[in-house]
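Summarising the annotation, TrEMBL assigns [4Fe-4S] cluster binding site to A:CYS287, A:CYS345, A:CYS348.
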Amino acid sequence: MSTLAERILGAAEGAYVDRAVDIAFAHDGTGVLTRETLREMGVEKLACPERVHLIFDHIVPANTSMTANLQKELREYASSAGLAFSDVGGGICHQVMSEGVVLPGQIVVGADSHTCTLGAFGAFATGVGATDMAAIWASGSTWFRVPETIELSLTGHLQGAAEPKDLALAYVGRLGMDGASYRALEFTGEAAADISMAGRLTLCNMAVETGAKTGMFYADTTTVRYLAGCGIAADRQKREEAKYAQSHEFDLGAITPLVAVPHRVDTVREVAEVAGIPLDQVFVGTCTNGRFEDLQRFARIVRGKKVAVRTIVVPASRAVLQAAAQSGALADIVEAGCVVGTPGCGPCLGAHTGVLGEGEVCLSTANRNFKNRMGVGGEIYLSSVATAAASALSGTITEPEVV
Amino acid sequence: MYGEGRAVCLGSDIDTDVIIAGRYLRTKDRSLWAEHVLEDLDPALAGRLAGAVVVAGKNMGCGSSREQAVIALKEAGVVGIVAPSFARIFFRNAINIGLPVIEADLPCTDGALVRFDLNEGWVEVDGARFPARPLSPRMVDILAAGGLVGYWRSHR
């Protein structure tokens with residue numbers, strides 16, 4: 001009689017617990033401060049370096065000498081401390097962790113707010129800051145407040161051009177930007193089983209946009225099969241009846257293509273309502289929608305056509321890039337006139353490539369459209385991959401067609 | 001733990017991008033973060049934060065896990081943040097960095113005298129007292145140690 005979060009953390013909602021963590025990762029952005037804090041703490045030897053991953057994804061490759069020097073220092077630290085290390089081009093931390101690292105039932109902490117993505121595997125995965133991460137690297141454990149859980153019960157089937165991203169925007173819109181503060185989201189219902197791992201990662205990714213600690217799917221046949229593809233044997237998690245703080249039902253059959261309009265993630269409109277808004281840039285990628293399934297879908301729509309606006313496509317990882325290359329999707333994307341970036345976060349955080357100019361408008365498959373995030377004076381609309389593809393072809397926000 | 005300062009009022013859903021933009025993160029220079037804190041909301045705010053208690057609306061600090069957001073506010077001189085609710089990573093970061101955060105729903109007037117006591121669980125605005133949600137004993141201990149680094153040093 002427990003929620004998934006309660007089972008994994010081993011205590012009832014509201015309790016404060018100390019727990020060993022199974023995986024603790026940081027990226028080039030948060031890793032610098034984590035390293036600095038370890039120094040301040042006087043910690044030389046990490047408790048469990050084999051559980052620690054350092055992944056360069058935020059500014060890859062380095063854009064300035066200052067960034068290069070910070071990355072150099074971190075790279076050397078990863079080597080001397082014996083950390084699992086993924087250098088520039090390996091991919092976004094959450095994606096790399098989803099390619100056979102995170103397993104059902106684990107406790108996963110990442111020094112990045114979108115660590116909740118990995119709840120897609122039935123893990124308790126949550127974001128922390130750099131100081132917390134330093135203490136976790138030093139001790140191997142941390143404290144958690146066991147969250148109350150909000151159930152998102154899924155029924156029906158996605159219809160037409162609607163994607164899991166549209167469902168993600170729909171639930172963020174319904175719950176609001178703080179609707180799940182301090183809580184976990186649990187995706188249940190008969191329709192949950194139909195959603196692919198890529199779709200689950202997209203859905204869990206945006207949990208933090210409602211303030212949630214994590215978003216979780218039970219590990220089921222889909223999870224077990226996906227992990228088997230990574231050469232890992234995993235067990236399903238049997239679902240128990242549980243007490244939820246709230247329950248929301250979503251009929252997937254009623255989900256239509258949506259966009260979040262500037263500058264709030266929870267201000268969600270039908271694509272039809274904002275169709276025709278001229279775009280300066282389309283960005284397909286990120287920990288929300290940069291997976292192979294996403295690139296395949298995008299390639300299928302733009303194949304044999306030309307994009308009408310500058311379009312930046314960034315695979316979420318090297319494995320995604322390789323799969324896109326082998327399948328021919330990459331060739332379709334390049335032939336359509338898109339720019340392909342180094343696997344990583346790309347323009348999402350506005351720190352290097354693809355920054356917007358004053359008054360420029362971008363349609364992005366990312367998870368955040370905060371003011372000035374991708375450049376001072378720019379505007380960001382968030383959409384699914386299919387909406388981004390249709391819009392790239394027309395140069396204005398455009399309803400996706402069924403492909 | 002007691003503190004007081006003059007109120008600087010902010011709205012709801014103040015995100016970490018607006019507290020410190022991504023373009024300023026590629027450095028270890030804390031004074032740079034303080035200089036540009038809240039710049040995209042109002043460039044004049046940074047100069048008003050010395051000795052201030054920030055009184056925000058709901059969901060303060062939503063968005064990224066970037067701890068530079070808390071550091072920037074603290075470096076700029078903020079002595080405490082009061083809000084009806086905080087984004088959880090920001091809340092935890094603030095405690096880890098040693099910046100008192102208090103959950104309370106207050107009316108806000110810029111410049112009002114705000115006093116708070118974390119142990120007793122109250123906040124006062126120009127003498128009018130409001131209840132505040134108590135922190136866990138460990139959170140109070142971490143804050144009392146000046147943050148997680150100090151807490152770590154005294155417990156290891």
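Glycine is no exception: its Cβ is also placed from the backbone N, Cα and C atoms.
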TODO: Any same-chain residues 6+ apart from A:CYS345 ([4Fe-4S] cluster binding site) with CB under 8 Å of its CB? Would you list them in sequence order, or say none?
DONE: A:ASP57, A:HIS58, A:VAL60, A:ILE92, A:GLY285, A:THR286, A:CYS287, A:VAL314
TODO: Report, as a single number, how many Cβ atoms besides its own are within 10 Å of the Cβ of A:CYS287 ([4Fe-4S] cluster binding site).
DONE: 29
Task: Around the Cβ of A:CYS348 ([4Fe-4S] cluster binding site), the count of other Cβ atoms that are within 10 Å - done: 27
Task: Cβ within 8 Å of the mean position of the Cβ atoms of A:CYS287, A:CYS345, A:CYS348: remaining residues of the chain near [4Fe-4S] cluster - done: A:ASP57, A:HIS58, A:ILE92, A:HIS114, A:GLY285, A:THR286, A:THR288, A:GLY290, A:ALA316, A:GLY344, A:GLY346, A:LEU349, A:ALA366, A:ASN367
